[in-house]
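Each remark here refers to the structure printed beneath this line.
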Amino acid sequence: MELPILKTNAITAILAAVTLCFASSQNITEEFYQSTCSAVSKGYLSALRTGWYTSVITIELSNIKENKCNGTDAKVKLIKQELDKYKSAVTELQLLMQSTPATNNRARRELPRFMNYTLNNTKNTNVTLSKKRKRRFLGFLLGVGSAIASGIAVSKVLHLEGEVNKIKSALLSTNKAVVSLSNGVSVLTSKVLDLKNYIDKQLLPIVNKQSCSISNIETVIEFQQKNNRLLEITREFSVNAGVTTPVSTYMLTNSELLSLINDMPITNDQKKLMSNNVQIVRQQSYSIMSIIKEEVLAYVVQLPLYGVIDTPCWKLHTSPLCTTNTKEGSNICLTRTDRGWYCDNAGSVSFFPLAETCKVQSNRVFCDTMNSLTLPSEVNLCNIDIFNPKYDCKIMTSKTDVSSSVITSLGAIVSCYGKTKCTASNKDRGIIKTFSNGCDYVSNKGVDTVSVGNTLYYVNKQEGKSLYVKGEPIINFYDPLVFPSDEFDASISQVNEKINQSLAFIRKSDELLHNVNAGKSTTNIMITTIIIVIIVILLSLIAVGLLLYCKARSTPVTLSKDQLSGINNIAFSN
């Protein structure tokens, strides 16, 4: 009767989980703002990493001194093969230890020699492998930045004299103990695998018998299973240069991880959050190779501490907003650059511009505050009024109207420009909407895909409520003649200031042009006046001359008596 009960309990648990997931997804809402071509997805709860919790994990190893068995039994051969793999793994870990950042000169001088086997050309091989791993580790370390700093600090302490023995002694009679290190830090240490006791007390006594006989295959299988964990841990550390993320089930099994979470100095709500989201915890955790010494392999597991939980979070999606003039090359564009995740945090807002660094599970958002910027709560005003005077909203500008789509939590924003064809489709009904030029939005209700040109986008099928907030596109408020282009990291006030500068320059140019034209007009008037005066003077002179001439012609000629007698005399003298 227990089996049906277990089935019923399992079904009940599954239904409860589905109900919880469905209920939480129902709380997701999304608002699209036509005026700024942006959408805000709300209803999420925070899980912000604010610190790290470090723990030391150990595996006890065996000092295999001698293998007397030379039998031909198939099971014995399998055991010997596993022992060879075991030896190679330990050698690999020894070499890897020399290139980890926690290793110092003292630790290198004390490199353990308790294994009676070597690699071919040990000296040259060690140097070559060590140099290669150093280069690889440095490259990996640049990628994780300061995230593993606390784990490295603990790992370095383990290289000091007596630290490994201190841990080993604490774990003699238990698999878990709190150990105070020499730097004053207390860490929880756990022994997850005891290969020493198994190999020394169970395996080697069998294979070293003169008869070299193994009665059953179970012994081989058991050793393979135990050895496989060490081999996988070695492979992961080797491939990832001593630092791995996420933390695999070989580094920590699920039961070991849950036990470790339960021992963490955090609230019950935080423990519940981490226990219910083990995969996310693994993704945000690190395992760091530390030391192999005194027949002990020790590595550090660094788990996230979620110091801020259950505060509201929202995600901003943005897409280019352009004018839609028919003349090609005459359009201007504006895009909000403040897209990403936002979470309330102690009276301010933690902003995560790289949204992909946050992990979402149902309505829970797991983010690392190391990747965040702290902003005032007024940043929310940008969603409802981008021109608000309390917070200077961030934008970028261009004069290239590229068509694209942004998939949101509950739909898609579509920026469609030029001759690009943009559609929304249902897998059963085909195209159900064709977008006109401009910025638009479609919810995921009845929509499976969005097509922009030759690019196909699949919308999320999360449940929730969408709201379309209409408004005049703010790009229409700007004059293309004075709109600044290619401003990649600007704000509304900076763009407006550049526009005002352009307008002031135009006004100044107009004034200068007006002054030049006015000067030219004055000169023209003076020249015209002079010409007119000269013409008037010339005309006056001509008029006076004509008047005198006419007067002279109209006066009769009178001859005196003497002149007449002279004439007569002359006439008669001939």
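Quick reminder: no glycine exception, Cβ is built from N, Cα and C everywhere.
Candidates considered were C382, C416; Swiss-Prot assigns the disulfide partner of C393 as C382. Checking the ranges 34-54, 76-96, 349-369, 517-537 against Swiss-Prot, the coiled coil annotation falls on 76-96. Range annotated as coiled coil by Swiss-Prot, chosen from 229-264, 301-336, 481-516: 481-516. Between C416 and the candidates C422, C439, Swiss-Prot records the disulphide pairing with C422. Calculated from their C-alpha atoms, the gap between C382 (disulfide bond) and C367 (disulfide bond) amounts to 22 Å. Residues near C422 (disulfide bond) in space but far in sequence (CB under 8 A, at least 6 apart, same chain), listed by position: S403, S405, V414, C416, T434, F435, V450, S451, V452, G453.
With a 10 A radius on its CB, N27 (N-linked glycosylation site) counts 15 other CB atoms from all the protein chains. In space, C367 is the closest of the recorded positions C322, C367, N500 to C343 (disulfide bond), judged by Cα positions.
Checked against C358 (disulfide bond), the recorded positions C313, C333, C393, N500 differ in C-alpha distance, with C313 being the nearest.
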